[in-house]
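Enquirer: Would you mind keeping the following structure in view while I ask a few things?
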Amino acid sequence: MSAVPLRNAKVAASGVRSVSVLGATGSIGDSTMDLLRASPERYQVEALTANTNVAGLAKLAREFNARFVAVADPARLSELRAALAGTGIACGAGDSAIVEAAERPADWVMAAVAGAAGLKPTLAAVDRGAHVALANKECLVCAGEFFMDRAAKAGATILPADSEHNALFQALASGNRDELTKVIITASGGPFRTWAAADIEQATLAQALKHPNWSMGQKITIDSASMMNKGLEVIEASWLFALSPDEIDVVVHPQSIIHGMVEFSDRSVVAQLGSPDMRTPIAHCLGWPDRIVGRAAPLDLAKIGTLTFEAPDYARFPGLKLAYEALRAGNGATTVYNAANEVAVAAFIAQRIRFGAIARLVEETMSSWIRAGNQAPLSCADDAIAVDHSARNMAAALLPQIAAKAS
């Protein structure tokens, strides 16, 4: 049985829902807290976590009267306790405290801890059988098969919080799995959609951070510019909805109004539309199986006027093609894809490589890892973390060579 409910059975959510937000001070966390703020009568905050932002975490804890808060940096525990002195709010720090936050008895958990660090706390929430709004990519990209198996066995409900996957989740409710022919994930095309390949190669950090539609964190904005984020989303969709690579298409849609579509066997295509605002998919997750009042601007199609679509250009944006290759290779290759991309993006931000070298480093790392015969099924979180570490080391070792080729 899938942990993602493809048919949205209408079981009314009654009473006050207890919620925990892992990654409360990040961009996804900000959107989540904004929605909670708008409906205080519906939600009780159980636990909140942050990476290092003690001031922001303490402010939210006081505002929402959280019962437990945790900061990932152990050195910040005394600072957190001082900020919450006299409140009676329990405090923790370090990786174990983040896991403890996930283990606390909340009905609904937003899993928005970035990176591989989010895997273990998200699994802790899954193991309780909670409703988990999944915003952490690594759970699926690095550990998709066993993550979804574990969620199904625990009776957890996985609610996709990413805009594209949430769109597919909503559209898939219009039919049965055996009636599906393919899903279509939309991509804005990013800031370099119309740029020539030579110009993309030389793009600066400031240019890569100028996304035309979405307001996001630095890493995901750069991933959008390279279309690596769309590659990650293809991988995620495969595990979330049990799809083969051939059942997942990507189309460039510059207006970012249609977020995802599903084609069924009768050739009907069901699409989900909305303003480009992360509060819309998060609101869907927060209210599911019901709907709550959203905070995004209403969609005005007459004002938008035109919706356009283009095929993705794999030559100018090779990162998307590499995602399909990693998905077909299996046995940890998607973990390598993600890890190498993170190393490459960090190097680009540090001005150690050109923008165009991001995909080349990912490709070379994947090739080297496969040539070394490292492929093996991943059966637990520690397996995924080990492959992640190995791939990061391999990418770091290849970095000078890639940088030299581009200079």
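FYI, residue positions are counted from 1 along the chain as it appears here.
Yeah, the Cβs are placed from backbone N, Cα and C, and that goes for glycine too.
Okay, these came from Swiss-Prot:
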type	residues	note
BINDING	Thr25, Gly26, Ser27, Ile28, Asn53, Asn136, Glu138, Gly217	NADPH binding site
BINDING	Lys137, Ser163, Glu164, Ser188, His211, Ser224, Asn229, Lys230, Glu233	1-deoxy-D-xylulose 5-phosphate binding site
BINDING	Asp162, Glu164, Glu233	Mn(2+) binding site
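Tell me about the setting of these features in this model.
Expert: Under the DSSP three-state reduction, Ser27 (NADPH binding site) is assigned to helix.
His211 (1-deoxy-D-xylulose 5-phosphate binding site) falls within neither a helix nor a strand when secondary structure is assigned with DSSP, and so counts as coil. Its Cβ taken as reference, His211 (1-deoxy-D-xylulose 5-phosphate binding site) is surrounded by 18 other Cβ atoms within 10 Å in the chains shown.
Following the DSSP three-state reduction, the secondary structure of Glu164 (1-deoxy-D-xylulose 5-phosphate binding site) is helix.
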Enquirer: Given the NADPH binding site residues Thr25, Gly26, Ser27, Ile28, Asn53, Asn136, Glu138, Gly217 in the record, what is the largest Cα to Cα distance, rounded to whole Å?
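Expert: Across Thr25, Gly26, Ser27, Ile28, Asn53, Asn136, Glu138, Gly217, the widest Cα separation comes out at 22 Å.
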Enquirer: Measuring Cα to Cα, how many angstrom lie between Glu164 (1-deoxy-D-xylulose 5-phosphate binding site) and Asn136 (NADPH binding site)?
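Expert: The Cα atom of Glu164 (1-deoxy-D-xylulose 5-phosphate binding site) is 14 Å away from the Cα atom of Asn136 (NADPH binding site).
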Enquirer: Out of Gly26, Gly217, which of these binding-site residues shows the lowest number of other CB atoms within 10 Å of its CB?
Expert: Gly217
Enquirer: Whole-number Å distance between the CA of Asn136 (NADPH binding site) and the CA of His211 (1-deoxy-D-xylulose 5-phosphate binding site)?
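Expert: Here the two Cα atoms are 21 Å apart.
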Enquirer: List the binding-site residues among Thr25, Asn53, Asp162 whose C-alpha is within 10 Å of the C-alpha of Glu233 (1-deoxy-D-xylulose 5-phosphate binding site), in sequence order, or say none.
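Expert: The binding-site residues passing the 10 Å Cα test are Asp162.
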Enquirer: Please determine which of the binding-site residues listed here (Thr25, Asn229) has the lowest count of neighbouring CB atoms within 10 Å.
Expert: Thr25
Enquirer: I need the neighbours of the Mn(2+) site defined by Asp162, Glu164, Glu233. Which other residues of that chain put their C-beta within 8 angstroms of the C-beta centroid, in sequence order?
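Expert: Nearby residues not in the site list: Pro160, Ser163, His165, Asn166, Ala167, Ile185, Asn229, Lys230, Leu232, Glu236, Ala237, His259, Gly260.
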